[in-house]
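These notes concern the structure reproduced below.
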Amino acid sequence: MGAVHLYLFVSAGFLVGLAVCTLEPPQYWKDNGRNDIKKAWEKEFHYKVAKNTILMVGDGMGLPTVTAGRIYKGQKLGQSGEEFKLVFEDFPNVALSKTYNLDRQVSDSAGTAVAMVTGVKVNMGTLGVTGDVPYLPDCSQFREDRKLKSILDSALEEGKSVGIVTTTRITHATPGATYAHVPWRDWESDANMEGISGCKDVKDIAYQLIMDNPNINVILGGGRRAFMNVTTPGGNRKDGIDLREKWKQDRAKKNVSYSYVENKTDFDQINPLSTDYLLGLFTLNHMTYELERNTSLEPSLTEMVDKAIRILRRNPQGYFLLIEGGRIDHAHHDNLGKKALDETDEFDNAVKKVIQLTSVDETLTVVTADHSHVFSMAGYPTRGNNILGLVDSVPEADKAYDKLPFLTLGYLNGPHSGRINYTGLDTTGNNFQQPGCVQMPDETHGGEDVAIYAQGPMAHLFHTTHEQTYIYHVLMYSACLGDYKNDCDLERRLKLDSGYSGVAMLASSAMLFVMVLVTVVLERCL
């Protein structure tokens, strides 16, 4: 870091610290804007082929969740909150993603995940199949030629390692999109397909993960029940197969180093330097919310990400890794605002871990959401007001007609609805439900665009409002995979990278020369 950069960094840190204690003076905002301009000029473009690609999906992490999440995390750290930034918000490239499904204006997680990992928009509720296959619990329109190939498949073809890490069931929509092909996302176990005729050639999602995808190196998440026979406590498979044992038997035949774990103690004992394959199924259903997680039984998302990357990066050919913070979405569906924001906090911690373990020169990291939620923050609360609390300063003209106090956070719909007098109530509890206007069994997704944050090789290709399928294309193009293997402008990129490096070196040398010259002049003057 040069002297000028160090000065700017220290100055910015001082100003931010000052802002917590007092309202910022006009000069703060002038300096803040000037520093952002300098930061923009210092932005580096990386043209090399991405050795590694990481897709991080905050399920349901729409822009209102990002905004409220940053305030929540900042306030946890003793700050006002509004001035805080989540780690991924400092990624140099930001764009918007259009989240509709092929057949729906407001999307679900299956169709959006397929868009991001295959580059094709499909029908709501389907996994790994084209739009010719409708979202129905039957197989009449399912055909082999309607299966879609994912980035995970292409990475494996090039000898890369691959991994999936999630806080949901590993057979859930987002992880399932990378490896499964079904017309009905709920077919996570054969028990879910019971009584459906004409599907002898379509297996359940858990079966496909273990039996049809033997080369996935790291699989970490919840959902153990779909892998165990119904005769095993907690299991629900009815075909007599224990997929956990099948996974271990297959690895034993390959003579590779492998481990299957179900708890944090065994997980912590895994040595990533000597493990080729790791399967971790820590819960029967989804993993526990971070606020309630038993740290001796389940690893956090960050801990799973750490282990996964340390295993995958041993491959000299690189890797693809899908990371999902899946329970942001689940909390929103239950109107549990605090849990949604806390899951966002943990997802951000996982992003920080990714940054620590990777290099922007060789790893393209894309952070995004699959869709939003009908979640909002409103009401003119004062700066620094508890994001989980009541709006604290309401002018007479802006008061509700019923004169009751109201919360900063709320939902358009969901299981909890109706006006309540919150005076004197604790609105910050882990299971406190913010109200929805329309009562229904589950709060719904929101249809607005979501943000894309990216850093690493070719991350600057994210630059405007994109179709969600574009995320797949940039991931593939950056790593020269699949259709882009011989069509990724490699020669042009190498020239640009070489030229950019030369200019950067020249600029660094010039800055060093100026600093030395100034030092000499000052010494003579003094």
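Every residue, even glycine, has its Cβ placed from backbone N, Cα and C.
Listed in TrEMBL:
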type     : residues                                      : note
SIGNAL   : 1-19                                          : signal peptide
BINDING  : ASP59, HIS172, THR174, GLU324                 : Mg(2+) binding site
BINDING  : ASP59, ASP329, HIS333, ASP370, HIS371, HIS445 : Zn(2+) binding site
ACT_SITE : SER109                                        : active site, phosphoserine intermediate
TRANSMEM : 500-522                                       : transmembrane segment
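Cα of ASP329 (Zn(2+) binding site) to Cα of SER109 (active site, phosphoserine intermediate): a span of 9 Å. In space, ASP59 is the closest of the binding-site residues ASP59, HIS172, THR174, GLU324 to HIS445 (Zn(2+) binding site), judged by Cα positions. For the binding-site residues HIS333, HIS445, the largest tally of other C-beta atoms within 10 A is found at HIS445. Proximity to HIS172 (Mg(2+) binding site), judged by a C-alpha distance within 10 Å, picks out SER109 from the recorded positions SER109, HIS333, ASP370, HIS371. Comparing CA positions across the recorded positions SER109, HIS333, ASP370, the one lying closest to THR174 (Mg(2+) binding site) turns out to be SER109.
Applying an 8 A CB threshold to same-chain residues 6+ apart, the list for SER109 (active site, phosphoserine intermediate) reads ASP59, GLY60, HIS172, ALA173, THR174, ASP329, ASP370, HIS371. Recorded residues GLU324 (Mg(2+) binding site) and HIS333 (Zn(2+) binding site) have their alpha carbons 17 Å apart, per Cα-Cα distance. The number of other Cβ atoms within 10 Å of the Cβ belonging to GLU324 (Mg(2+) binding site), over all protein chains shown, comes to 29.
In this view, ASP329 (Zn(2+) binding site) is surrounded by 28 other Cβ atoms within 10 Å of its Cβ, with every protein chain counted. Of all the binding-site residues listed (ASP59, ASP370), ASP59 has the fewest other CB atoms within 10 A of its CB.
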